[in-house]
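Student: Pulled these from Swiss-Prot:
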MOD_RES   LYS40  N6-(pyridoxal phosphate)lysine
ACT_SITE  LYS40  active site, proton acceptor
BINDING   ARG138, MET315  substrate binding site
ACT_SITE  TYR267  active site, proton acceptor
Amino acid sequence: MNKRITRPTWAEIDLSCLQFNFNQVKEILGSNVKIMSVVKADAYGHGVIPVAKTLVEAGTQRLAVAIPEEGVELREAGLSVPIQVLGEVLPSQYELLFKYDLIPTVGREETALSLNRLAAKYNVVKKVHIKVDTGMGRIGVRPREAVGFVKKVNSLSNIKIEGLMTHFASADERDKSYTYEQWDKFKQVLDGLNKLRIDIPIKHSSNSAAIIDFKKFGLDMVRPGIMLYGLKPSRDLINNIDLKPVLTWKTRIVYLKEVPPGTGISYGTTYVTNRKSKIATLPVGYADGYPRILSNQGQVLVRGRKAPIRGRVCMDQIMIDVTEIPDVRVGDEVVLIGEQGTQKISATDIAEKADTINYEIVCGISQRVPREYKNKIGG
């Protein structure tokens, strides 16, 4: 059954926009830098399998996920490109790395030793990427310990260090000084390894913000994430880049009524009409990922005009005021994220009102919102 028919709330995913954004990354970096496209968290809420297949067809050399289980999903869908697991992996997950040919990110000696034993058991050499924590404070070996750590891991007979990586904490901030500090620490590690003649084929550090603002940090490979989906990491980037949002979120009016002045709207009657008003109900709510914090402050698009949310966002429904919009009818299309006529509401607009980031908005659109895919490569 077509989910789109059964529910008048859906997200449209334009895969031609995804390909456009991927090509923008290639244009910035040139042909000598590999691209590992980040598709964790269900491709940032866009649907991982169609997105991953599109990116592979567009030319990405690798894919990155956060947890092994996401890599398993890609393998079971037939994706054969190298897949790296960016997060720390616990012993209970090690078998998945071998069974599904996933590349772990290693920052602990215990992990390296355990993987080496398992690789010997299976009579294979396991590729790994070493994570250096230059200032994120998350996972990874600290810079002053990194050269010795790499030397030790490099001596393991069933481990092949394919990559060395770090992650920038503040590349999307206006003040770039901390990013330069991180870069200097990473370069010192690379220089130390060069002195020992330890060759690591793939060095990588750049996330979306660094790709846009720090081209020289590209090294051998980059890890674009949010920019692939047409969203900028922040408004504080120095360089401009043309990106096309991949996701549009839509719903339809399911109920329409006129109410007199003094009518309370939604839970807690936090909004009370001060005039005769036309109130429309939408079949979408915070269970679908629309932020409840936008109660009485969010807007949607109806017939090319902005309509304010009235009252609290409910779990499954939202009420909007369409008094000023003529000819509104039940069944009219409503845009939550995207464009309608000359008006636009972006994920970033919603994020700013919700005091969060655009990443959280698109990742938070729940699975009960059907995704419709448009403009697939090759049809």
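Cβ coordinates are placed from backbone N, Cα and C, and glycine is handled just like the others.
Map these features onto the structure and tell me what's around them.
Tutor: LYS40 (N6-(pyridoxal phosphate)lysine) falls within a helix when secondary structure is assigned with DSSP.
Here LYS40 (N6-(pyridoxal phosphate)lysine) comes close to ALA64, VAL65, ALA66, ILE67, GLU70, LEU86, GLY225: these same-chain residues lie at least six apart in sequence, with C-beta atoms under 8 angstroms from its C-beta.
Counting only same-chain residues six or more apart in sequence, the Cβ atoms lying under 8 angstroms from the Cβ of MET315 (substrate binding site) belong to GLY285, TYR286, ALA287.
If you draw a 10 Å sphere around the CB of TYR267 (active site, proton acceptor), it holds 12 other CB atoms from the protein chains shown.
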Student: Applying a 10 Å Cβ distance cut-off over all chains shown, what neighbour count does ARG138 (substrate binding site) have?
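Tutor: There are 12 of them.
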Student: Tell me, by DSSP, whether TYR267 (active site, proton acceptor) is helix, strand or coil?
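Tutor: Going by the DSSP assignment, TYR267 (active site, proton acceptor) falls within a helical segment, counted as helix.
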Student: Measuring Cα to Cα, how many angstrom lie between TYR267 (active site, proton acceptor) and ARG138 (substrate binding site)?
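Tutor: Cα of TYR267 (active site, proton acceptor) to Cα of ARG138 (substrate binding site) measures 40 Å after rounding.
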